[in-house]
Amino acid sequence: MRPCRVAWAAGPTCCPCSCTRAGRKRAEPVTVPGCPRVTSSRATGMGWALALHGGAGDVPRTLPPEAREPRLAALRRCLDLGAAALRDGRSALDVVELVVRALLSRSFCSLLTTSCPIRLRPGVAALSSRRRAARVQVRELEDCPHFNAGRGSVLTAAGTVEMEACVMEGATLRCGAVSGVSTVVNAVSLARLVMEKTPHIYLAFDGAEAFAREQGLETKDPSHFITEHNIERLRQAKEANRVQIDYTQPMKAPQQAPQGTPAPADDNSQTGTVGCVAVDAAGNLATATSTGGLVNKMAGRIGDTPVVGAGTYANALCAVSATGKGEEIIRYTVARDVAALMEHRGMPLRDAAERVVAGAPRGAVGLVAVSREGEVCMVHNTTALFRACATEGGHEEVGIWTDAADGDGESVSVAL
């Protein structure tokens, strides 16, 4: 089996090492002058690969354990779920939908915090196939408040939830997207149905809701998706007259704000969108992204997640899922530009991703990407990126921060 190369970087150079299924030996990190704005992790090797994220932004290292640990555990378990599905021959498209749904599941997340094994519903026989077990597990999942999508989605200025999602298949360029969804439990599955069951790419608001009911997708009353935590988040954002991105720390209201205060400014803070990219054993690529948007956003605002080529894109060369400040990701067509640099300039995945992220405003963008060769790249110009990846060659990584500021260029990954 061809060994894979693993790299951590704070700029366009990296510290390489080799790994195999039997074991890995890691070299000491090396710092070489480069762009200080971009931090990336990379793993290369033939075969299947996947990467997932739970948002990027200015996440403080003082993030309390009760907020940090469930997210890291969710990333790890979802990574294991996706890797098992790829090993068992599931398609990349199935896997990205599976992982995004799992990232948003409350029952899945509650199992993570108690370190209990996932059990099948009573009456369902134990199955030796991981593939069948994964299907049953996902059917049992309910939406989870740990990430900004599904239950846990942040609230608009009107106190409502408007969820967005997108899926795309690289080989065919088929894609589906939804936005303005307020009752659908799994917006990513609705996006896939738009791709597979309609002649369209994008459905929104009442039309998307009606299509979900027509297709028999699970729906809940809009109040199901609203949590006490996000009600408080909205109150704080209104007091501060800010549009906030998820994970934002509490903010004080401006003192004696005059009447006629202009529309809320955009708080350049943290995000909690979720996404997954995968390449399967046959070389097929797919991507899926889901989000609840911004705290205190105007009702009807649409972000980058459902905009094909901005927050989500896949073709025959790579699959990309982005997270960060949606308006900037749209302006810089982040996901499509990575693919375009590979397609038209022949750049390798990591170089293309780093160039695109370095060209975006600092603190605005994070992304995960895979190539058809099984290369994985996780790049951000933010302080942190909740991320995880695995390859057929044996490399796995789960992490949040990267110590580029400490001068050693080493990615901080958390083993769970």
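Positions of Cβ are set from backbone N, Cα and C atoms, glycine also.
Caution: TrEMBL annotation is automatic and unverified by curators.
Annotated features, as they stand in TrEMBL:
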type	residues	note
ACT_SITE	THR273	active site, nucleophile
BINDING	ARG301, ILE302, GLY303, ASP304, THR323, GLY324, LYS325, GLY326	substrate binding site
COMPBIAS	253-265	compositional bias 'Low complexity'
REGION	250-270	region 'Disordered'
Lowest local Cβ density among ARG301, LYS325, which the record lists as binding-site residues, within 10 Å: ARG301
Rounded Cα separation (Å) that holds between GLY303 (substrate binding site) and THR273 (active site, nucleophile): 11
CB contacts for GLY326 (substrate binding site) [other CB atoms within 10 A, all chains]: 28
Length of the line joining the Cα atoms of LYS325 (substrate binding site) and THR273 (active site, nucleophile), in Å: 10
Inter-residue Cα distance where the pair is THR323 (substrate binding site) and THR273 (active site, nucleophile), in Å: 6
Those binding-site residues listed as GLY303, GLY324, and which of them has the most Cβ atoms within 10 Å of its own Cβ: GLY324
